[in-house]
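**Q** As annotated in TrEMBL:
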COMPBIAS  630-639  compositional bias 'Basic residues'
COMPBIAS  640-650  compositional bias 'Gly residues'
REGION    626-650  region 'Disordered'
REPEAT    185-219  repeat 'PPR'
REPEAT    220-250  repeat 'PPR'
REPEAT    254-288  repeat 'PPR'
REPEAT    289-323  repeat 'PPR'
REPEAT    324-358  repeat 'PPR'
REPEAT    359-393  repeat 'PPR'
REPEAT    394-428  repeat 'PPR'
REPEAT    429-463  repeat 'PPR'
Amino acid sequence: MQRFSSRSLRLINLSLSSKPNGPTNLFHLSLYSQIHRPANPNDDSYKNNNRFLNDRTNEFGPVNVATNEQAKRTESHNPDEFAAEVERIYRILRKFHSRGPKLELALQESGVVLRSGLAERVLNRCGDAGNLGYRFFVWASKQPGHRHSYEVYKAMVKILGKMKQFGTVWALMEEMRKENPQFITPELFVVLMRRFASARMVKKAIEVLDEMPNYGCEPDEYVFGCLLDALCKNGSVKEAASLFEDMRVRFSPSLKHFTSLLYGWCREGKLMEAKHILVQMREAGFEPDIVVYNNLLSGYAVAGKMADAFDLLKEMRRKGCEPNENSYTILIQALCGKEKMDEAMRVFVEMERSGCQADIVTYTSLISGFCKWGKIDKGYEILDSMIQRGHMPNQMTYLHVMLAHEKREELEECLELMEEMRKIGCVPDLSIYNVVIRLTCKLGEVKEGVRVWNEMEASGFSPGLDTFVVMIHGLLGQGCWVEACDYFKEMAGRGLLSAPQYGTLKELLNSLLRAEKLEMAKDVWSCILSTGCDLNVYAWTIWIHALFSNRHVKEACSYCLDMMDADVMPQPDTFAKLMRGLKKLYNRQLAVEITDKVRKMAADRQITFKMYKRRGERDLKEKIKEKKDGRKRRARRRQWGGGLGRAKIL
């Protein structure tokens with residue numbers, strides 16, 4: 001531990017002495033808190049390429065990275081005139097979010113005066129907890145004399161889009177068209193396109209483009225470019241390429257359009273398609289620039305063709321397009337990902353000899369590589385060198401070091417590193433807190449995990465979905481059922497429960513039922529229903545199967561009836577499973593009731609009940625067979641694995 005304390009002092013001295021003639025140290029830290037590049041940050045093609053670099057950093061590090069929105073919250077962390085009121089409102093929202101009348105009364109009696117800028121700050125404070133933000137937005141809308149600003153509407157579109165409440169988004173847009181038509185701007189539609197694209201709802205994203213004229217906004221090349229960019233960024237490059245061909249007459253192709261498509265194909269490692277875009281670009285009269293070449297370099301790196309990447313670097317020089325910091329960093333990241341750290345350092349040296357100054361992304365890539373492959377001391381050497389040269393590390397830099405300590409289960413070192421970050425002005429973000437909370441739970445230090453969680457919220461961070469999932473899984477691993485349920489209910493209450501998190505729901509319910517905590521499991525399910533979460537057939541199936549698997553057959557049947565009352569039809573194998581269970585219990589009355597309801601629902605959906613029943617029995621047999629085969633395979637693995645182990649020892 002003494003080594004880290006002395007390191008803290010040395011790093012502070014390094015940071016203070018790195019630029020003695022420049023601005024104050026805190027100002028330097030704010031400048032370097034974001035990824036710093038000498039290129040023009042307002043250039044769209046530059047943003048596209050820089051985003052690819054961020055993606056590569058994510059891939060080659062062992063990573064759970066903060067989003068841009070989280071970074072913005074970190075930058076604006078300084079207290080201001082709204083801080084006390086925002087915190088007071090946030091606490092009220094957290095306490096009463098599931099009780100509408102009490103929430104409105106508490107907000108009314110809070111004494112908070114709605115001023116310009118306050119609503120936007122509250123929405124930012126709610127973070128990923130979209131339910132909280134939406135409830136405040138609705139309450140504020142009802143206050144006499146208050147009118148939401150454009151920024152508040154824009155923030156609300158982002159929040160609802162992230163929650164995938166797209167019907168509510170369109171209702172909000174309709175309300176704006178009637179009451180505040182001046183707020184309808186192309187930027188709002190771009191936000192909506194990006195949300196649809198991130199949800200892989202390609203048709204809906206394209207429909208936004210077609211809906212714009214109905215709201216008095218004519219889409220132009222810029223908006224179309226944003227749509228292409230959003231599709232390519234979210235893995236729908238094939239659809240983006242098809243849309244580009246269809247819209248060439250309506251929107252004149254620009255360099256940004258070609259660059260987005262090139263980026264998309266390179267990101268997927270499909271170099272033939274990328275080269276075809278390059279040919280089209282030249283035919284349209286555009287010559288590849290440094291951004292295009294860097295995207296191609298990234299494509300070669302993704303495909304593992306490092307020899308071709310180095311050849312492209314030489315070609316760039318021959319054609320008078322000198323490689324920049326991004327170019328070299330792409331190669332360094334690729335080599336770090338393949339554990340070729342010596343080669344990565346040689347590229348780093350060549351980069352400096354060529355006159356390109358390494359920046360925070362380059363240093364972070366090297367630190368990530370060394371830490372990922374267990375050379376944490378070398379990572380610290382690069383960190384020291386980085387600070388000596390005037391580059392202040394950001395949260396991403398420290399995250400990779402933190403992950404290396406987590407791998408070694410070094411909790412005290414992680415806590416020391418957080419203190420070190422604060423001393424040089426780098427505020428730990430949600431990703432850092434996630435690592436520490438996960439490690440505390442893994443080591444059984446649950447009280448310490450709760451303390452870190454409370455510290456995180458006191459620092460102004462709203463825990464996101466990842467943070468809740470980390471905490472819930474950690475608590476379940478330690479058998480802390482009550483605490484795990486509390487955090488899960490809090491997550492559901494904030495509107496963060498959706499289909500991707502059903503795995504967490506399944507683990508929680510099964511863990512509770514295995515521990516014979518039936519009433520606690522029922523309470524969790526009731527909470528989910530009361531918060532208005534949009535539960536599909538898979539969520540109901542998880543709950544019913546969990547009850548059935550833990551021998552609560554009657555309860556499973558009862559909830560199956562509730563599911564059908566909610567107009568959700570059980571899956572065929574669920575029906576077959578319940579019928580088998582009821583047959584063993586000789587409960588004919590309940591079996592008839594469920595069968596009658598299923599028969600009626602099948603008729604309403606024009607499904608033959610006989611086929612439905614037959615399919616359920618077939619699916620159930622296949623699942624039982626797969627389960628048995630899986631057990632046999634695992635048993636054989638254990639048998640042969642044990643034999644190999646003994647052979648090696650001998």
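A Cβ is built for glycine as well, from the same backbone N, Cα and C atoms used for every other residue.
Quantities reported herein were computed from a predicted structural model and do not represent experimental measurements.
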**Q** Just give the helix, strand and coil counts over the repeat 'PPR' (220-250), going by DSSP.
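**A** Final tally across the stretch: 23 helix, 0 strand, 8 coil.
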**Q** Residues sitting near the repeat 'PPR' (185-219): Cβ under 8 Å, six or more positions beyond its termini, same chain?
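**A** Residues packing against the repeat 'PPR' (185-219) from afar: 150, 153-154, 157-158, 161-162, 164, 166, 169, 173, 177, 226-227, 230-231, 233-236, 239, 243, 251.
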**Q** With DSSP as the reference, give the number of residues of the repeat 'PPR' (254-288) in helix, strand and coil.
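**A** Residue counts for the repeat 'PPR' (254-288) by secondary structure: 26 helix, 0 strand, 9 coil.
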**Q** Could you give the number of helix, strand and coil residues in the repeat 'PPR' (429-463) as assigned by DSSP?
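**A** Across the repeat 'PPR' (429-463), the residues distribute as 26 helix, 0 strand, 9 coil.
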